[in-house]
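Taking it in order: structure first as structure tokens, then the write-up.
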Amino acid sequence: MGGYEANFNPPLEDKYKCPVCLAALRDPVQTKCGHRLCSSCFKTIRGGNWYFRCPVDNTWSNNVFEDNAVKREVLSLKVDCFNSNCAWTGELREQQTHLKNCQFEKIECPNKCKTDVMRLDLDKHLLECPLRLEKCEHCKIEVVVTQLARHHLLMCPKFPVNCPVCGETEVMRENINGHINIISGDCPMVVVPCSFRHIGCMHQDQRCKMSKHYQEMNTQHLMMLSTRLVDLETKHRLDLECCAKKFDLLLSDLKQRIDISEKRNTHLENELKEYKLKLGLN
């Protein structure tokens, strides 16, 4: 981390400079020999060793202490803002708070366009930023302005497109599949099957021409429907007869099983009576 970088006014005195990083002392510690350095700089020169050599006079030592008095003095030093157009002056401890609000501080564009602008110019930049978001006028989704044309051309579900079959304009992209659907759509040029296909009419034509087909083939469709109904009636009757025969067979088998069971029960009852007579249990 090192020491503090700032525009000190008056200039920074040597006694407040870290001998390692040459910046203003940050969280200073003092060696036994009386020299001060930044806490982070001390950790760097000490490394993982128990002893360390003072960077000023090369004295060996194994301990330091926090110098809070000098820390307060450093934080109270007067500094000017880094930004040349800013007239702010204050204590070092106030510098970071000021920079977070300084109108002359250069900051990165929040849209990540890699442009650094002064905070006071940010609003103007955001109106012109090539990566700013704008709402699509059709679907209201926010899109990067440079991608808006591509969004309209390829992705926007509400963008009006031409039907590839009939050429109708102003059909929303999300509705185009429904528009050309052969069952539920309304595109007049889509080729659709006859509604009586399931009973044998294999005719198909553009949707706009199917009304004429229905008018011309009305009688034939009725005949097909009648034939279909007769076939279904015959099939159902045959199925019913088959079921009735199966039921009769099952009923006959069940009666036979009942008769056999009754005979077995009668036989067992007679045997039981004979045993009782033999044992004199009557």
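Backbone N, Cα and C atoms are what each Cβ position is placed from, and that goes for glycine too.
Keep in mind it's a predicted model, so treat the numbers as computed, not measured.
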Among 50-96, 97-143, where does TrEMBL put the label zinc finger?
97-143
Please spell out the DSSP helix, strand and coil residue counts for the zinc finger (97-143).
13 helix, 11 strand, 23 coil
